[in-house]
Structures are given as C-alpha cells and as structure tokens.
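Chemist: For 2-22, 45-65, 94-114, 125-145, 147-167, 188-208, 241-261, 284-304, 339-359, 366-386, the entry in Swiss-Prot reads transmembrane segment.
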Amino acid sequence: MILIIYRALFFVTIPGVNSAALAKLSNNSSLTMLSMFSGGGFENFSIMSLGVTAYITAQIIVQLLQADVIPTFTQWSKEGQTGRKKLDQVTRSLTLVLGLVQATGITLGINTLTNGKFMIENNPFTIIVIAVSMTAGSFIAMWLGDLITENGLGNGISVIITAGILVRFPSMINDVIKGVTFGTKVNWIRFSELMIGAAILILLIVWFTRSELRIPIQYARRAQLTGKDSYLPLKIIVPGVIPVIFASTIMTIPQTILMFFNAGQNSSWYRVVQTFFTLSTTSGVIIYGLMIIFFEYLYSIVQIEPDKFADNLEKQEAYIPNVYPGDPTKEFIQNMLNYLSLPGSLFLMLVSIIPLLVANSVSSSLQIGLSGSSILIITGVLIEIGRQIKGLKLKREYGTFLSTDFSLDD
C-alpha cells in the first residue's frame, strides 16, 4: 500500500515547468542516475524527482561524522535508542538543507541546458517553488521509507529504490532490444545470450549474498547445560547492497554541483570534474568502483561494530574458542571483516562496473550500463525481504507451538 502511494505521487507534477524542454534531456547522464533512485521522476518532473538521494547523502555524512570526527555524534552513537533518535533528527535536518541545495542546482542546471526554456517564468519565485516542491517530495519519500522499515519488510529506503528500478525495467529491456536490433531485425540469438548472462549474474549474486562464514561462539553456562554451541554468521557481503547505493548517490553530487556552473563549461576544472565523476567515462567508472570498495569496508565495520560485539560477548559470559575476551576478540572480528570484505567488495565492484564499461564502448545508453547495479540492488533487497518473511513465519509457528495446550491426562 505504501509503495502504491509512493508511485501515485509520481503523477503529481511541479507547476511552472516546461515538460517539452525537459524531454530533450532524456539522455543526460546526471538525470539518468538520479532517475534510478526516484523511479523516473524526472520524466515528468514530479514532486518525487529527488527521490531519496538527499536523505542517503545525509545518512552518509552523519555516519562518517560518528567515526570520532564530531565527539558529540560519537557519544550519541553509543547511547542506544536515545542517541539514535538524536542522530536521526540531525540526519533529517541535513536532508532539508541538502534537498534544497540539490533541487536548486538541478533546476538552474536544467534551465541553462534548455537555454532558459525549462521554467515557464524565469524569476526567483519560480525557482523557490520548484525547489521547495522537490524537497517536500524528498521528505515524503523519506517518511514512506521509514514507514516501510517500521511496519513492513526490509530496509525502507532500499525497498523504495528497488521499486523505482523495477518501474524503469521495461524501458531498460527496450534499450537492450534496440542494442541488438540491426535494421528492422532483432538478433534474438544475441538477445538470448544477454538474458542468459543476466540469469547467471543473478545466480552469482544470490550465492554471494547468501554465503556466510560461521564463527563459533561458546557460552560457559549454556555449554554445561546443553552441550550445544552457537555461532556468529558473517556474510561475505556484510552490508549487502548499501555500498552500491551509497556510491551511486555520491556520483550524482558533483554532477549536481556542476549544474550551478553551466556557464563555465569551457573551464578546465569543470571538464575535470565532469570527466571523473560521470559514469559515461572510463575514469568515472573506476572511481565509482573504488567508492563501492570503500563503502564495503566502512559499512562492514558500522554494521557489525566489533567494539560492541566484544563487550556484549563478555557481558554474556561467552567467547570465541582460542580467542581471549575483550580487545583480542575485537581485533579478531575486525580481521574477519577485513578478510571477508576483500572478495565481497571486489564482487560488488565487478558486477557494477563491467556492464558500464561495456555499455560505454558499444552503446550510448547509460540505463544499460546501470543494469549490473540495478540487478544487484533488486536481487539483494528481495533476498533480504525473503529472509525476513522466513523469520516472521518461524516466529509465528513458534508462537503457535507455545500457545498450544498439552495435557498429560489420558
């Protein structure tokens, strides 16, 4: 129901814009990237055009600042639910600022690219109306994402991004068909090869996403009572698809900033930024891949938190065999995360950048190039939803079992 509401809002267009002028920028790489996170909101310039990009950017900044950059944020991160609420409030406030800046930059940039034909009336009031409308839509998307997280299945923001990608999938398939069409005939053999390749890719993603390293955990009291041990399952890709989502978001920021300076397109700094922060160039794709690796390592630590894990084990009188409690346990978990992050990050990077490199050499469609990242996000999110459904099912069955009345009477 929440996704239906989210999708319905795409038909609420922003007043004061010329849709015909916008349609001429359909192949713009920056808008294509942004559309991946909003489900095509830029096609009719709806209030949902920004999607959740501003919120994701704010999350990245706040989480990075927690790493002993701002002591107050670091302290809040250790205060449990109370501290989390404070950090969430900071994230929302930062989302407001980033949303307004991003919306203003996109509006001015599109207006420049269309030679002033994008806005029906070129005045500050129109810019303010458009920017506020886009920012309001971003907050609505953020709120709906939080509702999904609290009451639905999976991470709400990831689910919203996945829904947006799925909406654009028919268009992506159409681009693929155009790419294998010669004259008026479709090369179905080539098309079949691409579909088989996509199927193999999905299988690899499923295997990597579900693979895990099990670290044995022993509880002194439990071992005496039951003789059974527990284990900590560490996935090969610990943070899931978050590195791909965050790297994709970061790549849109420089392009948005450049929209403020379209008049300086001939300057050297403009060309450098445009070259290194766009997915239509080899250098930009390489930077995108390096960002995926960086976020894989970073969010493996953020998600597991070796410090807290070691402290919790000690409080529960549990330990990892052959590893001393305290700092040695922390270092052991840290080493395991680094060990797993190497194959995990390389896999995420290769799946994301190979289609981009191929598309840049044989096709002008960035949508095809983003197919690897899109399939990765969709598959990862659906696997996580499936895992949660399985957990809820087991919980319900367990509850039914406990509520059943048993009698020892004949």
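Placement of Cβ uses the backbone N, Cα and C atoms for every residue, glycine included.
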Chemist: To the transmembrane segment (284-304), which of 147-167, 241-261, 339-359 is linked by the most Cβ pairs under 8 Å?
Modeler: 339-359
Chemist: May I ask which of the stretches 147-167, 188-208, 241-261 has the most CB pairs under 8 A with the transmembrane segment (45-65)?
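Modeler: By Cβ pairs under 8 Å, 241-261 leads among 147-167, 188-208, 241-261.
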Chemist: Could you give the residue numbers and ranges of same-chain residues that sit at least 6 residues beyond the transmembrane segment (241-261) on either side and whose C-beta is under 8 angstroms from one of its C-beta atoms?
Modeler: 29-30, 33-34, 36-37, 53, 56-57, 60, 102, 105-106, 108-110, 112, 157-158, 161, 270, 273-274, 277-279, 284, 287-288, 291-296, 299, 345, 348, 352, 373, 376-377, 380-381
